[in-house]
Amino acid sequence: MTTTSAFMLNVRLDNVAVVAIDVPGEKVNTLKAEFAAQVRAILKQIRENKALQGVVFISAKADNFIAGADINMIGHCQNAQEAETLARQGQQLMAEIQALPVPVIAAIHGACLGGGLEMALACHRRICTDDVKTVLGLPEVQLGLLPGSGGTQRLPRLVGVSTALDMILTGKQLRARQALRAGLVDDVVPQTILLEAAVELAKKERLAQRTLPVRERILAGPLGRALLFRLVRKKTAQKTQGNYPATERIIDVIETGLAQGSSSGYDAEARAFGELAMTPQSQALRAIFFASTEVKKDPGSDAPPGPLNSVGILGGGLMGGGIAWVTACKGGLPVRIKDINTQGINHALKYSWDLLETKVRRRHIKASERDKQLALISGSTDYRGFSHRDLVIEAVFEDLPLKQQMVAEVEQNCAAHTIFASNTSSLPIGDIAANAARPEQVIGLHFFSPVEKMPLVEVIPHASTSAQTIATTVKLAKKQGKTPIVVSDKAGFYVNRILAPYINEAIRMLTEGERVEHIDAALVKFGFPVGPIQLLDEVGIDTGTKIIPVLEAAYGERFSAPANVVASILNDDRKGRKNGRGFYLYGEKGRKSKKQVDPAIYKLIGVQGQSRLSAQQVADRCVMLMLNEAARCFDEKVIRSARDGDIGAVFGIGFPPFLGGPFRYMDALGPGEMVATLQRLAALYGPRYAPCEQLVRMAERREHFWTNGETDQGN
């Protein structure tokens with residue numbers, strides 16, 4: 001056997017070369033620049049061995065093929081030319097793999113993403129396992145980049161241009177059966193026979209060429225291609241609002257390769273990669289990637305976590321059902337639900353059943369796996385089955401005496417070490433723990449709705465919460481697939497506190513006569529996934545406005561909302577999407593219909609509904625209040641770092657990722673510009689815009705939230 005660090009070459013007795021990929025000291029295989037020489041040495045041996053019948057590339061890791069290229073390589077590039085050179089080196093290496101004179105097979109188990117899939121595309125055939133861990137995709141667009149090692153050219157020719165555009169523009173990942181249907185892989189097999197199946201495929205002298213479906217062949221022609229690219233450009237522009245330059249470059253590069261040939265396509269790909277790597281959007285998106293990776297590694301405290309073998313949940317409603325699903329089906333932990341009636345328990349069980357059944361229907365999991373996961377969830381109307389639970393999450397109504405009662409009942413019916421975690425969105429954790437016998441085991445664990453989709457949770461210790469309780473709760477959040485940030489026990493915590501003034505200002509502009517759709521469109525153009533008015537409809541107007549009095553009582557007038565407007569809307573039985581009428585009107589459930597602004601809303605709040613402000617003015621009024629409040633949270637140590645503040649805003653409320661989060665955005669603007677803009681807005685609209693002391697100090701000292709040592713790399 002010849003060993004070259006991350007790549008090991010073994011020639012079998014049947015003259016098939018097996019190249020095992022195993023990056024030393026890492027759980028996950030990633031491609032690094034220094035591996036190029038190692039791979040070339042192996043390729044040289046393969047070319048020189050005339051007896052070889054074929055080659056198989058396979059991972060020696062337990063659950064991943066290659067998860068992508070090491071993103072730090074891009075951060076080390078000083079300019080676009082260096083990044084372009086990096087891409088050309090990758091292209092050349094993949095070309096050498098493709099040019100091998102014998103069949104080359106990629107045997108894929110686990111994640112095959114980014115540079116990993118580009119390497120698999122350079123192989124002559126691909127075969128993968130039917131395991132749930134096996135996913136294939138090109139997610140570079142999520143980092144503001146495009147695939148730089150030939151992916152934009154090989155994928156369209158393999159699966160067709162429309163499928164390739166969809167995969168590369170969205171970064172979506174295909175499961176094994178989806179990849180087979182798309183033509184991305186040639187076979188799907190059990191993991192136990194992956195190597196042997198790949199070897200047998202490698203020994204075939206002539207590999208049949210795959211024919212693209214008729215639709216893809218039509219779209220590959222000049223007329224079909226022109227129509228497709230025109231439609232894709234229009235749809236992409238609507239979706240990105242021009243905020244993500246990578247999407248436009250992806251379309252250009254793929255079109256160039258199809259219209260002018262592969263050579264021109266590879267050249268365009270490398271140049272685009274180099275230029276995109278230097279854009280502020282890519283730098284911000286990479287910063288978010290590194291920050292989220294760091295947060296996922298952060299234990300929350302220095303203490304070791306306590307036992308975490310089973311979980312209890314109080315309340316089987318919308319939040320309780322969602323929490324049960326992520327705990328059992330993502331975390332693999334047994335869950336016991338308690339509700340005051342069987343309907344609540346049945347609701348929670350049906351919640352998980354519906355989500356799992358959707359996965360079965362889409363062939364993401366088998367029915368047996370659905371049943372296995374559902375068996376982890378049980379329920380009762382009393383505390384039977386709770387005595388051994390390590391952590392209990394309450395998801396009951398926002399009522400302080402009720403939550404205090406829950407604490408007392410858990411302490412009476414559960415083990416001495418059981419942690420009580422409250423899913424409150426507004427009540428102080430210290431107040432919930434006020435009468436507790438073991439206050440050190442009481443903590444906040446704030447999920448966002450819908451629980452199965454929203455990636456963030458806030459972990460909220462109060463003054464007496466122990467370090468071990470924090471560590472155990474953070475560990476649970478990670479098992480649930482969440483990104484946890486630890487925040488202080490102050491009114492609104494972090495996410496709701498910075499969101500409230502943003503939504504309040506949108507409502508205030510409505511009272512001034514601005515139109516609903518104009519306000520929402522302005523913030524979507526700025527980069528939010530939905531506008532503030534639509535967000536309020538989605539959350540529920542009753543739910544979303546409930547926290548405003550709490551924040552106003554804690555922080556004063558800057559959190560006041562036009563109370564008469566909110567009252568008028570709620571008194572008219574407008575709750576948003578959940579009851580079909582809010583600021584927007586919604587069609588009947590189960591019937592597809594486009595939401596429309598209800599014109600009656602203007603009469604209800606006593607205005608004409610005629611927009612006078614520009615989109616930029618609307619965005620400034622909402623966003624600047626959010627940024628100012630985020631700076632206050634930093635100053636008051638509500639968040640532990642700018643990193644946590646950026647992650648909380650991006651993952652919790654959809655703050656534009658291409659801006660890197662509120663703190664990176666404020667650093668990009670500069671504290672002096674922030675203070676000047678806030679002062680200008682304060683002169684126009686009142687003292688709620690007065691810049692906070694933190695920003696004024698930073699402007700005087702020319703400081704930034706992110707220190708110079710905190711770059712967009714993982715350090």
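Note: Cβ is positioned from N, Cα and C throughout, glycine not excepted.
Keep in mind that this is a model prediction, so the values were computed, not measured.
Here Swiss-Prot flags 1-190 as region 'Enoyl-CoA hydratase', drawing on sequence analysis.
In the three-state DSSP scheme, Glu118 (site 'Important for catalytic activity') is classed as helix. Marked as site 'Important for catalytic activity' by Swiss-Prot: Glu118 (among others).
Taken from Swiss-Prot, the feature site 'Important for catalytic activity' covers Glu140 (among others), and the record attributes it to sequence analysis. If you draw a 10 Å sphere around the CB of Glu140 (site 'Important for catalytic activity'), it holds 28 other CB atoms from the protein chains shown. Reduced to three states, the DSSP call for Glu140 (site 'Important for catalytic activity') is helix.
Positions annotated as region '3-hydroxyacyl-CoA dehydrogenase' by Swiss-Prot, on the basis of sequence analysis: 306-715. Looking just at the region '3-hydroxyacyl-CoA dehydrogenase' (306-715), the mean pLDDT is 93.
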Inset, instruction - Could you round the CA separation between Glu140 (site 'Important for catalytic activity') and Glu118 (site 'Important for catalytic activity') to a whole angstrom and send it over? - result: 11
Legend entry - Cβ contacts of Glu118 (site 'Important for catalytic activity') (under 8 Å, same chain, 6 or more positions away): Gly90, Met94, Leu138, Pro147, Ser149, Gly150, Gly151, Arg154
